[in-house]
Amino acid sequence: MAEHENLVKSSQIIIKDALDKLGFDEGMYELVKEPMRLLTVRIPVRMDDGTVKTFTGYRAQHNDAVGPTKGGVRFHPDVDEDEVKALSMWMTLKCGIVDLPYGGGKGGIVCDPRQMSIHEVERLSRGYVRAISQIVGPTKDIPAPDVFTNSQIMAWMMDEYSKMDEFNSPGFITGKPIVLGGSQGRDRSTALGVVIAIEEAAKRRGKTIKDSRVVIQGFGNAGSFLAKFLYDAGAKVIAISDAHGALHDPNGLDIDYLLDRRDSFGTVTNLFEDTITNKELFELDCDILVPAAISNQITEDNAYDIKAEIVVEAANGPTTMEATKILTERGILLVPDVLASAGGVTVSYFEWVQNNQGYYWTEEEVNEKLREKLVRAFDNIYSLAQTRNIDMRLAAYIVGIKRTAEAARYRGWA
Ligand SMILES: NC(=O)C1=CN([C@@H]2O[C@H](COP(=O)(O)OP(=O)(O)OC[C@H]3O[C@@H](n4cnc5c(N)ncnc54)[C@H](O)[C@@H]3O)[C@@H](O)[C@H]2O)C=CC1
Ligand SMILES: O=C(O)CCC(=O)C(=O)O
């Protein structure tokens, strides 16, 4: 099986189950089982040494029955067509769960920005926007940051689009720097959403964040802000990791120190000799485990070794379908990605609303609105899982796909 084929296949199985439970027919499943549009582009980039290198990029638009599509752009060597397709399907579910007027989209470029100069990354970012320009735009499909992309890259992409559009178009993309129309709180929003999901999950298990032992895989945008929030709330963050390895201290790591030392790609463990592997990280004795890096990390091979009582997915697709079953049977409360990581797109929506109205909110207003949406979404999904005796992922898919399916039916698409 191609590296990410399982992500699409398992999502299709759960979407089918969710549609059956909602009473939709086979025609609806045929409509939503794949993205409606997938564009593959080849982007020639002049490298600093004068040669031209051609990169492959994708933009998938899952379904725009509800409204324009929305979702991040990932720069990573492992990006492939299946990964982008699955990620766009999950964006539809996230937007449905937190009730945003969007369908799901996602993009990616096969590249390793850690090996490129900043000028090469800028030329690649601008080239990508030119290549996908016909299918994106503030009322069509709105990109945002994801793995190894950040506010600077969003700024270059916005600038390139604005030049082509001949207007200043801040609503083309979200996750921008504040001075270019970015929203207060967007940089921390994915992590804050995960904190809210952890608080709600802990409450259901009679626990609190304070004094909990937490393990986090990934120390980038999602993982590092999350570690900081939890550390400040009195949790013991006993392990964190990046692509090179993991740091573990059963007495709790000094997160402020690690934040000072990490680089812009969320790498810090390379500065230490005493490390463990990402595989060992998942088996550590802890109360709360948060995968916040890449997909396919909790599988049949390690699901029985997980000691945490609560697993909250900040990353997209970190747990396979088989592992979801094992964790649920073992009584572990698993909060799925499409709910736990919806804070980022929620504040991206707030950013787009602020861009459209040209009036900007304070960080307190943004965070309050974010909390309201996520607590409501958690309550809905948790209650559905309890009343129907199903796992949280299936419950989240039922809530997430319902609005797109209803909108598609009204439009006469299925
Ligand atoms: N940035 C956002 O707003 C959102 C991000 N997410 C998801 O959260 C996850 C992390 O994204 P960001 O923090 O934004 O990315 P980032 O690029 O800021 O950080 C990625 C982190 O993952 C680590 N990593 C990369 N490859 C790895 C590997 N093979 N093994 C272990 N660690 C590895 C990196 O070292 C880094 O610490 C992704 O799954 C992303 O899709 C989900 C919702 C929104
Ligand atoms: O902020 C956004 O629009 C999208 C965030 C994203 O890509 C994700 O939730 O996976």
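Glycine too: its Cβ is placed from the backbone N, Cα and C atoms.
Cβ contacts within 10 Å of Lys106 (active site, proton donor), excluding its own Cβ and spanning all protein chains shown: 32. In the three-state DSSP scheme, Lys106 (active site, proton donor) falls into the strand class. Summarising the annotation, TrEMBL assigns active site, proton donor to Lys106.
Annotation note: Lys70 (substrate binding site) sits in a strand segment as assigned by DSSP. In the shown protein chains, 28 other C-beta atoms lie within 10 A of the C-beta of Lys70 (substrate binding site). For Lys70, Lys94, Ser348, the entry in TrEMBL reads substrate binding site.
Around Asn221 (NAD(+) binding site), taking its Cβ as the centre, 26 other Cβ atoms fall within 10 Å, counting all chains. The feature NAD(+) binding site is assigned by TrEMBL to Thr190, Asn221.
Counting only same-chain residues six or more apart in sequence, the Cβ atoms lying under 8 angstroms from the Cβ of Asp146 (site 'Important for catalysis') belong to Gly71, Gly72, Val73, Arg74, Leu87, Lys106, Gly108. Per TrEMBL, the feature site 'Important for catalysis' maps to Asp146.
The number of other CB atoms found within 10 A of the CB of Ser348 (substrate binding site), across every protein chain shown, is 28. Listed recorded positions: Lys70, Lys94, Lys106, Asp146, Ser348. Those with a CB atom under 6 Å from ligand 1: Asp146. Cα separation, Lys70 (substrate binding site) to Asn221 (NAD(+) binding site), rounded: 19 Å. Listed recorded positions: Lys70, Asp146, Thr190, Asn221, Ser348. Those with a CB atom under 6 Å from ligand 2: Lys70, Asp146, Ser348. Neighbouring residues of the recorded substrate site, listed in sequence order and excluding Lys70, Lys94, Ser348, comprise Gly71, Gly72, Met91, Cys95, Leu100, Tyr102, Gly104, Ile142, Ala144, Thr174, Ala342, Gly344, Val345, Thr346, Tyr349 (Cβ within 8 Å of the Cβ centroid).
If you draw a 10 Å sphere around the CB of Lys94 (substrate binding site), it holds 28 other CB atoms from the protein chains shown.
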